[in-house]
Amino acid sequence: MASQEDHYTLPRPTFDEGPKILIVVAPYYRQIADNLIAGARAEIEAAGGWHDTAEVPGALEIPTAIGIAGRMSDYDGYVALGCVIRGETTHYETVCNDSSRGLTLLGLQGLAVGNGILTVETMAQAEVRADPDGQNKGGGAAAAALHLIALSRKWGASRKGVGFVRPNDDDS
Ligand SMILES: Nc1c(NC[C@H](O)[C@H](O)[C@H](O)CO)[nH]c(=O)[nH]c1=O
Ligand SMILES: CC(=O)[C@@H](O)COP(=O)(O)O
C-alpha cells in the first residue's frame, strides 16, 4: 500500500488578492475537528487568504451549509472539515457517501470546495490524519480549495464563481 508520503503535492498557488474562504466544520469529534481547522487555517493564511468558520452538527449537514453560503454570500471557496468513524450499522456508509457526493455536486455547480471530511475505521486513524504535523488532511483540503480558486481566476471567472448564480447576483 502506498504511503501518504509518496504522493505528489502541487506547489502552493499565489494570489494578487487573498481569497476569502469559509470553513464549514462538523465538530462531531471535537479534538479531531480542532486539528483539522488548525491545519486548514494555516494553509489559507500561508497563501495570503482570509477565513471564516461555521459549525454544523454532523458531516451530513456540511454540503447543505456550503450550498446555503454559496447562494447567500460571496466567499471565493469553501473547506469542508469533519470526521466520520464507523459504528455498528450501515449509517457510516450513508454519512460518508452522501457528504462527499454533496460536496462533489456543489463543485460541479461551480463552487471551489476542498473536502477534508475524514472517513475512518478508528479514532487512531483519525488522529494521525487530522494532526497538522501528521498527514494534515485539513491543510490538504484547504490547499484543494485554494487551487480551485486559482484556476477559476486564471480562467477568468468572476469572484462569484461560474454557473452558481445567486439571487442577488448583480451580473446574473
Ligand atoms: N456518525 C457520525 C455522524 N453522524 C451524524 C450525521 O452527520 C448527521 O448530523 C445526522 O445524521 C443528522 O442529520 N456525523 C459525523 O460528522 N461523524 C460521525 O461519525
Ligand atoms: C458514522 C455513524 O453514523 C456512526 O457513528 C453511527 O453509529 P452506529 O452505526 O453504531 O449507529
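Positions of Cβ are set from backbone N, Cα and C atoms, glycine also.
Note: TrEMBL annotation is automatic and uncurated.
According to TrEMBL, the protein carries these features:
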- Tyr28, Ala59, Leu60, Glu61, Cys83, Val84, Ile85, Asn115: 5-amino-6-(D-ribitylamino)uracil binding site (BINDING)
- Glu88, Thr89, Arg129: (2S)-2-hydroxy-3-oxobutyl phosphate binding site (BINDING)
- His91: active site, proton donor (ACT_SITE)
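Each residue contributes its Cα atom, and for Asn115 (5-amino-6-(D-ribitylamino)uracil binding site) and Arg129 ((2S)-2-hydroxy-3-oxobutyl phosphate binding site) these two points are 13 Å apart.
Taking the Cα atom of each, Tyr28 (5-amino-6-(D-ribitylamino)uracil binding site) and His91 (active site, proton donor) are about 15 angstrom apart.
For the recorded site, Asn115 (5-amino-6-(D-ribitylamino)uracil binding site), the DSSP three-state label reads strand. Of all the recorded positions in the record (Glu88, Thr89, His91, Arg129), the one with the smallest CA separation from Ala59 (5-amino-6-(D-ribitylamino)uracil binding site) is His91. Here the candidates are the recorded positions Thr89, His91, Arg129. The one whose C-alpha lies nearest to that of Cys83 (5-amino-6-(D-ribitylamino)uracil binding site) is Arg129.
Taking each Cβ in turn and tallying the other Cβ atoms within 10 Å, the top scorer among the binding-site residues Thr89, Asn115 is Asn115. For ligand 2, none of the binding-site residues lies close by, meaning a CB under 6 A from one of its atoms; the full candidate list was Ala59, Leu60, Glu61. Straight-line distance linking the Cα atoms of the residue listed as 'active site, proton donor' and Val84 (5-amino-6-(D-ribitylamino)uracil binding site), rounded to a whole number, equals 10 Å.
Of all the recorded positions given, namely His91, Arg129, the one with the smallest number of surrounding CB atoms inside 10 A is His91.
The 6 Å Cβ screen around ligand 1 retains Ala59, Val84, Ile85 from the binding-site residues Ala59, Val84, Ile85, Thr89, Asn115, Arg129, ordered by sequence position.
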